[in-house]
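Everything below concerns the one structure shown next.
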Amino acid sequence: MYQQAEILQQLKASKVALFGLGLTGMSMFRYLQKHDIKPDVFDGKFEAASSAKNSELFDGLNTQFGNITDTQFNGYEYLLISPGISLTTPAISNAIKNGVQVFCDVELFARVNVKPVLAVTGSNGKSTVVAWLTDFLNRVGKKAVVCGNFGVPVLDVIDQAVDVFVIELSSFQLDTTESLKCEAATVLNVSPDHLDRYESFEDYAASKRKIYKHAKLEIYNANDELTWNQSEHAQSFGLEKADWQYVPDTQTLCQNGQVIADFSTFALAGHHNGLNAVSVLALASAVGIDAKSNIDSLSVFSGLTHRCQFVVELNNVKFIDDSKATNIASCQAAINGLAANKNVILIAGGDAKGAELSELSLDIQNYVKHVVALGKDKQQFVQFVDDSSLTLVESMPEAVQKAYAQSKPGDIVLLSPACASIDMFSNYQARAAAFIDAIHHLSSGDGHE
């Protein structure tokens with residue numbers, strides 16, 4: 001355990017700052033305290049002061065809330081930050097220029113951890129894949145825990161007795177992660193997202209590909225060149241010419257060209273989930289799990305909440321909650337995976353995070369009969385959706401009522417916003433709750449014209 005003692009001894013002997021007291025920041029704080037490391041604690045929000053002052057956790061520590069200056073951290077040796085804080089923040093960028101080691105919880109985990117890791121990133125589908133992979137591994141006898149960007153922070157589970165950690169990683173976390181060793185790592189896909197944080201799309205894609213840095217096996221998407229890393233230690237998954245293949249026409253899963261499963265019998269549906277299934281099998285193979293003999297354990301996973309989740313059916317109209325679709329590619333996957341002809345009434349909008357929602361134009365033209373738009377960037381839809389097929393609203397209850405009014409038996413009312421929720425809601429879960437609550441206020445005959 002020399003590596004563990006070394007990094008912890010370095011932190012104990014150094015001047016350390018912790019910036020950010022959200023979920024991840026508090027996880028880092030608890031871990032540091034457990035190992036008798038006493039950082040100076042900072043948060044950019046004045047509101048953090050009230051909870052801090054009322055907490056014995058911070059007794060005897062230097063704390064500061066609000067008024068973070070551009071040179072605040074220049075005198076420190078280590079600066080541990082929450083992943084939501086951009087490296088371009090002046091106080092952070094100046095610290096880096098002055099030689100301060102800046103990283104988040106995943107890098108600290110990486111310098112301490114000695115257990116196998118399977119790591120997943122991507123613009124879309126990563127939460128489904130890590131949840132599915134963890135479920136699969138536990139069913140076949142590998143004790144696995146999911147953590148990171150999905151589930152609990154990595155430092156909260158680092159001391160658990162497990163066979164493998166399954167870690168979901170965002171680009172924000174990868175920006176400060178240099179040491180993470182993995183049995184296998186994958187970039188599922190890369191599509192425009194978080195363009196308000198990165199200077200270019202390529203910078204965002206490069207951040208995702210950092211996950212491969214210390215991976216024994218790189219698993220890339222054969223149909224998405226932005227996931228490729230040109231390594232000899234690599235396998236591919238995809239729709240064609242891949243080591244692990246999903247064939248949409250026959251709904252089959254293949255390994256090295258040989259059919260190993262009938263995906264139509266799985267609990268999850270949709271072509272995007274066929275791709276998710278083969279990525280799960282590829283990752284599991286890196287820790288010794290044979291795909292073909294364990295298909296039954298893979299097939300029973302029923303999916304995540306708020307990800308293309310069926311809510312209720314009223315008058316033969318299905319309501320689907322895909323509130324977790326916070327970017328365009330996620331919304332496209334939902335539309336294409338669920339639609340049959342033009343039977344979708346789409347509720348979308350929110351904070352587009354700098355993206356052009358017009359990228360949805362072809363999907364809407366082919367599969368969506370009506371769009372109900374709300375939120376900060378709803379006016380973008382005016383530019384590419386016909387007036388007769390578009391309704392702009394101010395609230396989720398109004399959105400649900402208008403969408404139901406446009407529906408006919410056999411239609412799907414799909415909440416798949418393609419946007420972040422922060423303009424109107426605290427998070428995507430709160431947005432989903434508002435959607436479901438509004439549905440429950442509809443009676444079986446109410447709302448139709």
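Glycine too: its Cβ is placed from the backbone N, Cα and C atoms.
Annotation source TrEMBL lists ATP binding site at Gly122, Ser123, Asn124, Gly125, Lys126, Ser127, Thr128. A coil conformation is recorded for Ser123 (ATP binding site) in the three-state DSSP classification, outside any helix or strand.
As annotated by TrEMBL, domain 'Mur ligase central' applies to 120-284.
Taken from TrEMBL, the feature domain 'Mur ligase C-terminal' applies to 306-419. Confidence for the domain 'Mur ligase C-terminal' (306-419), expressed as mean pLDDT, is 94.
The ATP site is defined by Gly122, Ser123, Asn124, Gly125, Lys126, Ser127, Thr128, and by the 8 Å test on Cβ atoms against their centroid, the other residues of the chain that qualify are Val120, Val129, Leu188, Asn189, Ser330. Within the same chain, residues at least 6 positions away in sequence whose Cβ sits under 8 Å from that of Gly122 (ATP binding site) are Val129, Thr186, Val187, Leu188, Asn189, Val190, Lys208, Thr227. Contacts of Ser127 (ATP binding site) defined by a Cβ separation under 8 A and a same-chain sequence distance of 6+ are given as Asn149, Phe150, Glu168, Leu304, Arg307, Lys324, in order along the sequence.
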